[in-house]
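J.: Starting off with a structure, shown below.
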Amino acid sequence: MATVDLSWRLPLYILLLLLATTWVSAAVNDCSHLKCFYNSRANVSCMWSPEEALNVTSCHIHAKSDMRHWNKTCELTPVRQASWACNLILGPLPDSQSLTSVDLLSLSVVCWEEKGWRRVKTCTFHPFDNLRLIAPHSLQVLHIETRRCNISWEVSQVSHYVNPYLEFEARRRLLDRSWEDASVFSLKQRQQWIFLETLTPDTSYELQVRVIAQRGKTRTWSPWSQPMAFRTRPADPKEIFPLPWLRCLLLVLGCFFGFLSCVCVLVKCRYLGPWLKTLLKCHIPDPSEFFSQLSSQHGGDLQKWLSSPVPQSFFSPTGSAPEISPLEVLDRDSKTMQMLLFQKEKASSPSPSGHSQASCFTNQGYFFFHLSNALEIESCQVYFTYDPCMEEDVEEDGPRLPEESPLPPLLPFTGEQDDYCAFPPRDDLLLFSPSMSTPNTAYGNSITPEERPPLSLQEGLPSLASPDLMGLQHPLELELGDDGEGMSTNSSGQQASVPEAALMGTTKTEARPVLTLNTDAYLSLQELQAQDSAHLI
């Protein structure tokens, strides 16, 4: 029977015990009326405000670390009505590092009652989550002026754990004002000085500073430091305007009104313009003193000196300028060449000298602008020379030239006719026609060729002994010297030596009457066929 009664009472006892333990634990861990702060070094300051009036004579706070073998106790003293405070000194020195960021403290409030000591409250305290540093101290004025002042301070008992997270606030007030009207300055970095500006000269001020560590869950500002009083210097008697912006404003307004006054004077005074012009003109140098020839030539007109010597229409061509005639290049063995030679032989008269004639044209710039591979050459004379099929009689013992044999080489010109330009040496010299044609606009503007009188060649052309050598001779050969000039004959009229003839030996030849060349017309194949219908091709 006793066993049955115990079996149903045991669960009831356990339930009541659990409820009592939960109630006691809630009462112990309730720290809303106990506020403690750690100064990051060796001090924990606590403030206890009991929830109900207690009939006690004294109370203490006991601190125990979960990682260290010491217990610390401080006595609570009343600071105001229903408030008790004390400071737990954890280390032997105020600057000793007694706790770390992983330490936990168990704080208990114990009070003495009539029957003995009773534990009133117990809570767990995280030191680095509840930081409140000591107020800054040692405020001093570093530099002071009439409107500016530099003040510094110091902080102490700050752990190296929180030193990089410090921020400051400073407030300034006039000596006869309250702190509620003070100006607050925030310093978001670890700066232990402040530079005050826009102060009033010869005025007294007070300054206070506080610090906070931006670390942990609960961040609390330190108490304000002791106020430091200072006085600015009196103003200099020369300073008439106390505000800098007012001085700048007056300067700008003065310049503006001065400019308007000058404009009005220049507009209203008519005689001032010529006088000012005369005054400024005296400092301008007269160019006629340095350019006397131009001054006398243009009558002292400077604009005429600088203007163009020709009108603007001079640079715009109004009509098409005459051009040089196109050149006809004929093959010596072609049918057209044979027809031309036959027609010339039929209509020409013998030349007094017995040699062919050549027409010379002065071409200035044609080859420079129209030849793709032309070098930079000066203006020169271009000779257009041909020989209308001269036949020479040779001695009985000598060989006779065939009818289709090439023309003998030309002799160099004499006198002043040899001052033509030397072109780059080439193996393919062209036959140039001296005929003049109508200007062709496809070539662009060019200089009109200047026709010169026909040149007379000396008599006595040596004949070539071998037809093979004649086959190698070009129909038109222009012999040039080493210096680029043509070789000239002697003035006595002697026979000029030809290199080809010197190789074969000189023989006496008789020159047939040479056709008189018409240098003003060069008949084309169509014109020849129109004149002589018996030689149509």
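Positions of Cβ are set from backbone N, Cα and C atoms, glycine also.
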J.: From the ranges 167-191, 317-341, 442-466, pick the one that Swiss-Prot records as region 'Disordered'.
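T.: In Swiss-Prot, residues 442-466 carry the label region 'Disordered'.
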J.: From the list ASN55, ASN490, pick out the residue that Swiss-Prot labels N-linked glycosylation site.
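T.: Going through ASN55, ASN490 one by one, Swiss-Prot annotates ASN55 as N-linked glycosylation site.
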J.: Among 118-126, 199-207, 280-288, 298-306, find the range that Swiss-Prot records as motif 'Box 1 motif'.
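T.: Feature motif 'Box 1 motif' in Swiss-Prot: residues 280-288.
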J.: Looking at the ranges 41-45, 221-225, 526-530, which is given as motif 'WSXWS motif' in Swiss-Prot?
T.: 221-225
J.: Specify the nearest of the recorded positions CYS36, ASN43, CYS46, ASN55, CYS74 to ASN150 (N-linked glycosylation site), where nearness means the distance between Cα atoms.
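T.: Answer for the nearest of the recorded positions: ASN43.
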J.: Which one is it: of the recorded positions ASN55, ASN71, CYS74, CYS86, whose Cα lies the shortest distance from the Cα of CYS46 (disulfide bond)?
T.: CYS86
J.: Suppose we draw a 10 Å sphere around the Cβ of ASN55 (N-linked glycosylation site). How many other Cβ atoms does it contain, all chains included?
T.: 7
J.: Please identify, from the disulfide-bonded residues CYS36, CYS46, CYS74, CYS86, the residue with the sparsest Cβ neighbourhood, meaning fewest other Cβ atoms within 10 angstroms.
T.: CYS74
J.: Of all the glycosylation sites given, ASN43, ASN71, ASN150, which has the fewest Cβ neighbours within 10 Å once its own Cβ is left out?
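T.: Minimum Cβ neighbour count within 10 Å, taken over the glycosylation sites ASN43, ASN71, ASN150, occurs at ASN71.
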